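In TrEMBL this protein carries:
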DOMAIN    696-754  domain 'CBS'
TRANSMEM  81-102  transmembrane segment
TRANSMEM  130-151  transmembrane segment
TRANSMEM  181-198  transmembrane segment
TRANSMEM  242-264  transmembrane segment
TRANSMEM  276-299  transmembrane segment
TRANSMEM  331-353  transmembrane segment
TRANSMEM  368-388  transmembrane segment
TRANSMEM  442-461  transmembrane segment
TRANSMEM  467-489  transmembrane segment
TRANSMEM  501-525  transmembrane segment
TRANSMEM  531-552  transmembrane segment
């Protein structure tokens, strides 16, 4: 067991004793799985690194940029557009693949189970059907969960929080790897076919981001293939912009909403944005929707008809039937309040569940067992609800895919089965468009209640799955129920069409859970192909967000916080003006001299107790007259490349170095720089000197130690920095501000809190 005292408060000068403490910890903890991992939300994890969103402007970089003339910059710009088009096409194709495979596999499963139920309804012995359904679900989910838990745990969940962190500048390990994409796609197919309460829309965003990160680099590190194209884009800044385009393309492929995709990327995803980006991202989204439409229309046999957008198309709402009047506005606002409260409840329940999972269910085998349990329970609940429901509807004129007759008369079907015995997407469309009177209020009420808890239990399992569709389904069910009750209360007035209220309920519920406003309004408008509802949807979402934020934060932000990620929001905490850079910074700082012994560099890099990633470079000859002022900043990755190529002063004088190092050598090592342990430095080489002048960034950003925290935060956040050097009035290095130092301060219930840092 770890004791609370081992989560060290890292304050000002505790770096020295910190290292000894950690060594003691390592000796007293035998390497084994503890039964309980102590975790609380007041921690910041030290395992996450930052990304270098700030280019290192060393001499090599400047020389290369000066060599590029105007026409070469134009070709770079053209390459950017080509990459965006490729991102769109590939994301669209992945979406098609997921869509078609899910449709066929789920169809097969439901046909088998339906045949079985029909057979046993006559003979008796329906428990066999239940067993079959539950076993099918659990076995499919088992495969989907095993690949995630054992091969690539990052692929769990919807991936939106991870992409959000990546775009914020946090390096989540393995988040944009090819392996993650493969596991994500297979996992989401298996979890939707396995009948879990999940959607396949969230993971599309992650898939788009992985595709973007891969294409823009022009090579695959996983497959060890380098195509020698797009080498200019091999750095974090460029990759970040393409990843935000990929996320947008994912949204627009999932919902057939190109504008919604751009706005999603702007509102939820990206932390850095400029105007050129908007147009390129819109282009990628458009291409992705277009690709999806063309391929699906060919697949459905009506080639060249491009009017079936999106993996989920909520169907068209007619304007004639579906107008709304002024007296409905308060009703919509009330629905927004209900959605906000239910969403806050969902998030609070999921919060405690996730805390429990982090503490106790952290072994892969337990995670797989839990996923199978949820799958079996989901099937059982669905079966029992259908079995107990006596809500029969005539089969004529209904558009049910798999009508289950069960105990209904001939020519009728069980309407509870349209909700449970179907993929969630189809159920949403049914709730939106089935004619009034298709559902019994009792059916809808029971369904909402059960599905709410099932969806809450499912989100956060070790399967790849999104929360979009389940939220829409819960909301559509209670919205339709609300519409039916309204027409009861108003003695069947014409304006209470249940489909319209189902749409508003769906918006309210999803807004209450994920707290998106602008992008969600546009996605709902584009997916229903109806602009008339823009205003009511906007009202509902605003209300849901305001009400929900009063209780807890949104689902994605909550999961980011539970993972202890050092996420930087747009602004520093409002009450933090009293803190200065001196109190925030980490000190003492490990500095390197401009001309340094190789042995010293190797020792500093191999020191496991301080795995720093940036080192200020100071003047080499500190005599009495001259202070060792700051001369530049060099990154760990650059030092490793220098040691690997053995760029030493002595070898240069003996002209042993074959050629000068170019920027290409640094780009070829990106993004997986070798660890220092893999680089062999002989005893003689340790005595050589290494000259850092042309590789260090000679103009790093610095702040005086009197700067207030909001000012430091603004500089750090707006420029996407990784290291900010704190200097005194003689330009000597006194400290270093990194992401953890700023993310540590947060507004809590009692004002400003300081989180402690943990090695977990």
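Cβ from N, Cα, C; glycine included.
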Contact between the transmembrane segment (368-388) and the transmembrane segment (81-102) (3 or more Cβ pairs under 8 Å, separation 6+): no
Chain residues outside the transmembrane segment (442-461) and at least six past its termini with a C-beta under 8 angstroms from it: 145, 156-157, 196-198, 342, 346, 349-350, 353-354, 357, 367, 370-371, 374, 377-378, 381, 385, 389, 391, 415-416, 419-420, 467, 470-471, 473-474, 477-478, 480-481, 484, 555, 559
Overall pLDDT of the domain 'CBS' (696-754), taken as the mean: 88
Any contact, the transmembrane segment (501-525) to the transmembrane segment (181-198), with at least 3 Cβ pairs under 8 A: no
Chain residues in Cβ proximity to the transmembrane segment (181-198) (below 8 Å; excluding those fewer than six residues from its ends, i.e. six or more beyond): 94, 97-98, 101-102, 105-106, 109, 133, 136-138, 140-141, 143-145, 147-148, 151-152, 155-156, 159, 206-207, 210-211, 214, 374-375, 378-379, 382, 423-424, 451, 454-455, 458-459, 461, 463-467, 469-470, 473
Positions whose Cβ lies under 8 angstroms from the transmembrane segment (331-353), at least six residues beyond its ends: 324, 452-453, 455-457, 459-460, 471, 474-475, 478-479, 482, 486, 501, 504-505, 507-513, 515, 536, 539-548, 550-555, 558, 562
Close approaches to the transmembrane segment (276-299) from elsewhere in its chain (Cβ under 8 angstroms; 6 or more beyond its ends): 80-81, 84-85, 87-89, 91-93, 95-96, 99-100, 208, 241, 244-246, 248-253, 256-259, 261-262, 265-266, 270, 305-311
When counting Cβ pairs under 8 Å to the transmembrane segment (81-102), the leader among 130-151, 242-264, 467-489, 531-552: 242-264
